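Participant: For reference, Swiss-Prot lists these features for the protein:
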- ASN74: N-linked glycosylation site (CARBOHYD)
- ASN341: N-linked glycosylation site (CARBOHYD)
- ASN348: N-linked glycosylation site (CARBOHYD)
- ASN444: N-linked glycosylation site (CARBOHYD)
- ASN491: N-linked glycosylation site (CARBOHYD)
- THR514, ARG519, SER690, THR691, ASP732: L-glutamate binding site (BINDING)
- ASN542: N-linked glycosylation site (CARBOHYD)
- 577-603: topological domain 'Cytoplasmic' (TOPO_DOM)
- 604-623: intramembrane segment (INTRAMEM)
- ASN615: site 'Functional determinant of NMDA receptors' (SITE)
- 624-630: topological domain 'Cytoplasmic' (TOPO_DOM)
- ASN688: N-linked glycosylation site (CARBOHYD)
- 838-1485: topological domain 'Cytoplasmic' (TOPO_DOM)
- SER882: phosphoserine (MOD_RES)
- SER886: phosphoserine (MOD_RES)
- SER917: phosphoserine (MOD_RES)
- SER920: phosphoserine (MOD_RES)
- SER1058: phosphoserine (MOD_RES)
- SER1061: phosphoserine (MOD_RES)
- SER1064: phosphoserine (MOD_RES)
- 1074-1097: region 'Disordered' (REGION)
- SER1143: phosphoserine (MOD_RES)
- 1162-1194: region 'Disordered' (REGION)
- SER1255: phosphoserine (MOD_RES)
- SER1259: phosphoserine (MOD_RES)
- 1269-1278: compositional bias 'Low complexity' (COMPBIAS)
- 1269-1302: region 'Disordered' (REGION)
- SER1303: phosphoserine (MOD_RES)
Amino acid sequence: MKPRAECCSPKFWLVLAVLAVSGSRARSQKSPPSIGIAVILVGTSDEVAIKDAHEKDDFHHLSVVPRVELVAMNETDPKSIITRICDLMSDRKIQGVVFADDTDQEAIAQILDFISAQTLTPILGIHGGSSMIMADKDESSMFFQFGPSIEQQASVMLNIMEEYDWYIFSIVTTYFPGYQDFVNKIRSTIENSFVGWELEEVLLLDMSLDDGDSKIQNQLKKLQSPIILLYCTKEEATYIFEVANSVGLTGYGYTWIVPSLVAGDTDTVPSEFPTGLISVSYDEWDYGLPARVRDGIAIITTAASDMLSEHSFIPEPKSSCYNTHEKRIYQSNMLNRYLINVTFEGRNLSFSEDGYQMHPKLVIILLNKERKWERVGKWKDKSLQMKYYVWPRMCPETEEQEDDHLSIVTLEEAPFVIVESVDPLSGTCMRNTVPCQKRIVSENKTDEEPGYIKKCCKGFCIDILKKISKSVKFTYDLYLVTNGKHGKKINGTWNGMIGEVVMKRAYMAVGSLTINEERSEVVDFSVPFIETGISVMVSRSNGTVSPSAFLEPFSADVWVMMFVMLLIVSAVAVFVFEYFSPVGYNRCLADGREPGGPSFTIGKAIWLLWGLVFNNSVPVQNPKGTTSKIMVSVWAFFAVIFLASYTANLAAFMIQEEYVDQVSGLSDKKFQRPNDFSPPFRFGTVPNGSTERNIRNNYAEMHAYMGKFNQRGVDDALLSLKTGKLDAFIYDAAVLNYMAGRDEGCKLVTIGSGKVFASTGYGIAIQKDSGWKRQVDLAILQLFGDGEMEELEALWLTGICHNEKNEVMSSQLDIDNMAGVFYMLGAAMALSLITFICEHLFYWQFRHCFMGVCSGKPGMVFSISRGIYSCIHGVAIEERQSVMNSPTATMNNTHSNILRLLRTAKNMANLSGVNGSPQSALDFIRRESSVYDISEHRRSFTHSDCKSYNNPPCEENLFSDYISEVERTFGNLQLKDSNVYQDHYHHHHRPHSIGSASSIDGLYDCDNPPFTTQPRSISKKPLDLGLPSSKHSQLSDLYGKFSFKSDRYSGHDDLIRSDVSDISTHTVTYGNIEGNAAKRRKQQYKDSLKKRPASAKSRREFDEIELAYRRRPPRSPDHKRYFRDKEGLRDFYLDQFRTKENSPHWEHVDLTDIYKEQSDDFKRDSVSGGGPCTNRSHLKHGAGDKHGVVSGVPAPWEKNLSNVDWEDRSGGNFCRSCPSKLHNYSTAVTGQNSGRQACIRCEACKKAGNLYDISEDNSLQELDQPAAPVAVPSNAPSTKYPQSPTNSKAQKKTRNKLRRQHSYDTFVDLQKEEAALAPRSVSLKDKGRFLDGSPYAHMFETPAGESTFANHESSVAAAGHRHHNNPGGGGYMLSKSLYPDRVTQNPFIPTFGDDQCLLHGSKSYFFRQPTVAGAPKARPDFRALVTNKPVVSALHGAVPGRFQKDICIGNQSNPCVPNNKNPRAFNGSSNGHVYEKLSSIESDV
C-alpha cells in the first residue's frame, strides 16, 4: 500500500505540471512570431470580403505572421475612435492599425495622426476621410495614407491642362492646410516648363467670415480664364460653386479642376457641383477596399519581417496608451524606416517622408450630365492617359446658347495638313503648330490603354483655320480622322471627314477637301480658298545625249554663217587687202621681180583666221598690210565672242536630256487604251476621293483598269513613280504641284506644268444649316482681300523645284556625253582614209593622163589645176613658157630637154662650190645621164646614178654622150614617184638656183629616201669599180624608183632653210632688204636692224645667200683633183640608190668630235699629193686584198685615222662617236645587217648633253703633239699629202671650239678674227641688200690673201685644210647661238648638208665606210687601207673641206670611225634627242 501512496504524492503532480509547461514553451518557440494588426472599418463596409482577404494564406513566405483583429465601428467622432484603439492595444496587444471609413471627413485623418504620434503605433488610412490630404503631420507620427500628396495632385492637374492645351488658367483656394503647397507647386512647375503657361489670377477665399456672399462674388468676378483650379474641402467647394454659379463661372466655356479632397466620396455628389467638373481622385475602380486592406496588412507585416531578419526582434506590443517607454520609442523609430520602403509581390508600396504613397493609383474623373462621376483618364507611372481626344463640353440641359468652342476634324495631307510629333523635351507642340489628337483604333485595346495619341498639326489649312478662328472668335479642338479619308458614301453611310460632320461628331472639317455636288447635299461648304482640280504626275526618265550635242550651242544657221564669213568673206578680204597692199608679201611681184617669192595666199588667210577662232597655237603667217591687219583684228574680236559664247552654252547641251511622258488629258490614248502600248501604261489614284469619283462617273473603263494600280496614299504613289512601278499618278492638282516642287532631285513633274482637268476648289465643310457658314465665308474672302492668302500660298504651296533653279551638280562627263565628238573624229578618220586611198590611186594610176602624158598634150584638168595652184600659192605662170616648163613637155619634148640640158650645163659651169663642195661645177659633169628638176624649173643638175662625179681624164670631151643619155633617160622615164616632178622642200618660194635642195647635197642627207627608205644591203665582197658594163645597163629606168627628197621636206614655204624654229616668235636682225641703197646707208645701224619673225623671212633671201656661199672660189692655186675611173664612180653612185631588201635605215650620227690627229694627218698627207691623173693606177686589184680591194692613196676625207684604229673597228662593233665597244651587237648581226651598224652609237653618246650643254662640244681633246709617223707598207704608193708646220699650228689655233651664247648687243663689239668665205661673184643688187655696219655687211668681202676661183689644181685636202685651219680663212667656230660669233659670219648661210639635223650644236653627216674583213695589217697607217677602197673618191666633190669630220664612205657595211678616242662620259640628264636651233636661245633659257 505504501508505494502506491508515493506515486500519488503532490511532488509527482508538480513534476508533471513543469514538464507540461516546458513542452508547451518548446512548441511555442518552434512556431513563427506574430504581430497583432487591427483592421478598423467605420460604416457599412463589406466585412465578409475583408475577412476573406486577410484569411488567405498570402503571408506564409514572411518570417512574421500577421494576427489580424477585425473591428467594426459606427461612430466617427474623435472620442470613440481614440477609445476603441486604446482598448485594442491593452486587450489584444496590437502593434499596428489599418483604418478605413466611408466618410468625407478629413478630421478623421487628423485624429489618427494624433493617436499614432502619441502611441508610436503605425496606422494606415486606406479609405475615406482617413486617406484624405493632410498637410501638416506630427514629426513623431507613424500615420501613412493611401492617397496622393498635394504636389502629386497639382502635377496631374497641370498635365490634364497640357493634354488639351489649356494654357490659360486661374487658381482659387481657401485657407485649408496645404493650400500654400498647392500654389507653390503650380508656380514652380509653370516657371520651369517649356509650355507657354499663363496664370492669370490666384484667388484666396476666406470662408471664416460671415459677411454673406458679396465678398466671394466680387473676388470670383475677377476670373476671366476658361480653366480654374480649386483647392479646398468638399464643404467649402459646395459653397464656392454656389457663388460661382451665380456669377456665371460654372456655365459652358468654363472648366473647373479640383483635387481628391474636393471630390471626396464619389457616391455622393453635391448638387452645387457643376457638370463637367474634373477631379483627380484615388482609384476606386481598380483598387477597391479589399485590395487596400490586404496591402495595408502586408505593409506592416513585411516591415516587421524585415526588421526581424536584420535585428532579430520586432516591436513589443503596447499595453496602454498612456505610458511610453524609451525602449518603445527606439523600436518604433526602427520600424518606421522599414515601413517607408516596402515592396510586396513586385509592387512598390513605399511611402514618402510625409506619409503619402510614392506611386499612388490615380484616376481622372468627370462629372457627366447624369451627375455621376465618370472615369475619363488615368495617371500611372507619371504618365497621363485620357479617354477623350477632344474634351467633351458639358453644360446643363437648360442652357441653349450656341457653343463657341468647336470640335474640328482634319486629314493629314501635305502641304495642307502636316502632322508632327510633340516636342520630346516639353511634351507639347511647338510654336506655329496646333495640338491635334489622333485616335487609336485597335481591337485588342484595353481600358488602361489610351484611346488617342497627341500630335501637332501645321500646314496651309491649319494657318487658314487659325486666322478664321481669330477673326470669327471661336475656339476649337482638332483631331485627325481615322475612318477613311476625305469622305465617301458607302452603303448609304458617309465615312471620312464628311462622315464626322454628318454624324455631328465634328462641327467642321478642314483640309484638302474637294467641293463636289454629292458632298454638298449633306454638308455646307464655304467659299473655296484654293483652286484645284485633277492633274497627272509622271517621273522624269534619263535620256541620252544627242551625238550632235556639241554643235547645239549654235544653230545650223550660225555655223553656216561662221564658215561663210571665215572662208568667203573674211579670208578673201584679208587675202585681197594683203595682195594689193604696197607693203604686203607680194610687193616683189609689183616691183617686177622674178615671180615665186613669198606670198600671202588664200590658204594662209583661212589658216590664220581658223587659228584665231579656236585659239590654236599653230604657226601662221601674219599679214603686213595695214588694211589686212585691221581686218584680222576685227576677226579676232569676233573670235573671242564666238568662242566664249560657245563655251558658255556647251555644258548645258552636254547634260543628258530627260524624257517625260506627255499626256494631253484624261481622254488621252494612254489612259483610255493603255494596253495598246508596250509595256502597258500603268496609272492609278488614291481611292475614296473626289478624283476617283470623277473618273468613275466619266470614264468607267478607265476606272476599272486603274483599280489594280490604286495607291494607299500620296507618299506610296510617289515612291511607286520613282521606282518604276507606276507610270502616272492622277490626283488633286494642288497636292501634286506641291509634291513636284518639293521632290528631292526634282524627278517628279506634273504634265503641262501643272495642267488641271475638271477644275474645282478646296473648301471647309460645315454642319448643315449652321450659323457659322456666313461668318467663315466672310473671313475667307477677307484673307483674299488682304493678300494674306497669297502669302500663305507662297509659303506652303511653292516648292524649290518651282521657285528656284536647280543647282547644277558637278559630275564627270561619261562616254554618252561626249559620244558626238568621238563620232565626228571617227568620221574624220574614215574620210581621211578614203581621201588617202583616192590620193594614192590618182597619184600612181590616173594623174599622168590628167596631166596630158597619155595624150601628149596638156589636159584641161591639168591647166585648171595649175591655175588654181598659181592662185593659191602666188606663183605666176607665164603663157609663153607654160608648155616649155611643164612636166609634160619635159617628158615628151626631146628638143626642149636638150635645150634645158645645155642651159643647165652652162649654169653649172659658171658656179663653183656646188652643194658646198670646193670643186668647180665642171668637175661634176660626166658622161652619165642627168635629171633636170622639171618640177620647179630651177636648173638644178643631178646625176642619174646619184653619185658625185670623179674627174675624167684630162683629154676626155666635157659633154661626151650627153645627147644620147638625155634621150635615153627621158624617153624611158616611168612616172611612179611624185618626187621626180616636185621638190618637196623648195616647193615654190626658192629661186631657181643650183644650190637648191634638189642638188647633190640632198643625196647625203640622213633623212633622204635613198639612204633611209631603201638602204643597200651590202654583200661581204666590196664593190669593184672595174665591173663589167652589163652590170650598169639595167639602170636606165632608175629615176622612177627613187626620190630625191623624202616627205619630211615636203614643201611649205614656211619651212625656212635655216636652223631656226618656224614657230618661234623671237626675232633675228636683218638689214633692210628694199628701198634705195643710198638712203639705207644713211640710216643708223639700229634703225636698219628690222625685227620680224623667222617664219616671215623671204625664202629668196636665204637662197641667194646660200647661192653666194656655194659660189666661193678655191682657197689656193694649188688646188688639185683626183680622178678615178668614170665607170667605177658611176657604179658607186648607182649603188647608193639600188633598192635592196632587209637593208636597215640610216641613223643620225653625231660627228661633233674632232681629233687633234685629224688635222695633223691631213697636213702630212697633203705634202705628197698626186696629180690629177695619177690615182688611176690605184684602182687595180692588189694581190693581198682578199676581197679585191686595191691599195691606193687614201681619199682626202680618210685622212685622220691610223691603220690600227681602222683594224680595231673593222672587225667589231664600236661606237660611232667614241671608242667604246658595243657588246650588245654580235658579229652575226654585223654580217647580216652591216649597213645598220655603220652609224651605231653607244648609250653614252645617245644620251650625251642637250642643246644648252656648253661643255658637251668642249669635250674634244686638245693634243699639242702631232701624230707619230707610221710605217708604210712597201706596196703602198709613195704619194703623200703635203703638210707644213705652219699649217699644223694654224689648225690648232682655229680648231672648232664652241662659243657661249652671244646676245645681239655684243655683235658689234666682236672683233674680226677670220675672213668670211667670199663668193666668186656677187651682183651689185644682191650686195646692196646688206647694210654697212650690220653683222653681215662684210659677208661678201674677200679676206686678204684669199685665193680666187682661178686655180683648179689645188687638192681637195689642202682646200679642206684651209677651210678650217687657216687663220685667215673663213672657218666657222661652232656656236649654239643663232647670232654669229663675228660680224662677218652669217649664221644663215647653208653649209654642206644644211638639210641635215643638228645634234648638240654641230651638224651630223652620214657617210659610210665599207667593212674590210681580213684586210692586210702590214701598214699601220689607215691611209693604206682606205686607198684600197673603190669608192674612196665617191664624195670627192660633195664633202667640203671646211668640215674636218670623220665620214662613212658610201653605203657600205663597216662601222664608222669616231673622232674621239676616249669614251664619252654618260650624261644622265640628257635625252639624246636631235635638236634644231631656236631663233634665240638667250631669250628662251
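Sequential numbering from 1, following the chain as shown.
From the backbone N, Cα and C atoms, a Cβ is placed for every residue, glycine too.
Have a look at these and tell me how they're positioned relative to everything else.
Facilitator: Residue density at ASN74 (N-linked glycosylation site): 8 other Cβ atoms are found within 10 A of its Cβ, drawing on all protein chains shown. According to its DSSP assignment, ASN74 (N-linked glycosylation site) is coil.
In this view, ASN341 (N-linked glycosylation site) is surrounded by 14 other Cβ atoms within 10 Å of its Cβ, with every protein chain counted. Taken residue by residue with DSSP, ASN341 (N-linked glycosylation site) is part of neither helix nor strand, so it is coil.
The C-beta environment of ASN348 (N-linked glycosylation site), restricted to residues of the same chain at least 6 apart in sequence and closer than 8 Å, consists of MET358, HIS359. A strand conformation is recorded for ASN348 (N-linked glycosylation site) in the three-state DSSP classification.
ASN491 (N-linked glycosylation site) carries neither a helix nor a strand DSSP state and counts as coil.
There are 23 other CB atoms within 10 A of the CB of THR691 (L-glutamate binding site), with all protein chains counted.
Under the three-state DSSP scheme, ASN615 (site 'Functional determinant of NMDA receptors') falls in the coil class.
Around the Cβ of ASN688 (N-linked glycosylation site), the number of neighbouring Cβ atoms within 10 Å comes to 17. Secondary structure from DSSP puts ASN688 (N-linked glycosylation site) in coil.
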Participant: So if I draw a 10 Å sphere around the Cβ of THR514 (L-glutamate binding site), how many other Cβ atoms end up inside it?
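Facilitator: The answer is 24.
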Participant: What count of other C-beta atoms do you get within 10 angstroms of the C-beta of ASN491 (N-linked glycosylation site), across all chains shown?
Facilitator: 4
Participant: Looking only at C-alpha atoms, tell me how far ASN341 (N-linked glycosylation site) is from ASN74 (N-linked glycosylation site), rounded to the nearest Å.
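Facilitator: Per the Cα atoms, ASN341 (N-linked glycosylation site) and ASN74 (N-linked glycosylation site) stand 33 Å apart.
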Participant: Here's one to test understanding: among the recorded positions ASN74, ASN491, ASN615, ASN688, whose C-alpha is closest in space to the C-alpha of ARG519 (L-glutamate binding site)?
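Facilitator: The answer is ASN688.
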Participant: Provide, as an integer number of angstrom, the distance between the C-alpha atoms of ASN74 (N-linked glycosylation site) and THR691 (L-glutamate binding site).
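Facilitator: About 73 Å separates the two Cα atoms.
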Participant: Might you list, by sequence position, any residue in that chain lying six or more from ASN615 (site 'Functional determinant of NMDA receptors') with a Cβ less than 8 Å away from its Cβ?
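Facilitator: Correct list: ALA639, LEU643.
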Participant: What is the nearest of the binding-site residues THR514, SER690, THR691, ASP732 to ASN491 (N-linked glycosylation site), using the Cα of each?
Facilitator: SER690
Participant: Taking helix as H, G and I and strand as E and B in DSSP, count the residues of the topological domain 'Cytoplasmic' (624-630) in helix, strand and coil.
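Facilitator: Counting residues by DSSP class gives 5 helix, 0 strand, 2 coil.
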Participant: Tell me, how many other CB atoms lie within 10 A of the CB of SER690 (L-glutamate binding site), whichever protein chain they belong to?
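Facilitator: Total other Cβ atoms inside 10 Å, all chains included: 24.
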Participant: Return the maximum Cα to Cα distance in Å (whole number) over the record's L-glutamate-binding residues: THR514, ARG519, SER690, THR691, ASP732.
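Facilitator: If we measure all Cα pairs in THR514, ARG519, SER690, THR691, ASP732, the largest is 16 Å.
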Participant: In whole Å, note down how far the CA of THR514 (L-glutamate binding site) lies from the CA of ASN688 (N-linked glycosylation site).
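Facilitator: Counting only the Cα atoms, the answer is 12 Å.
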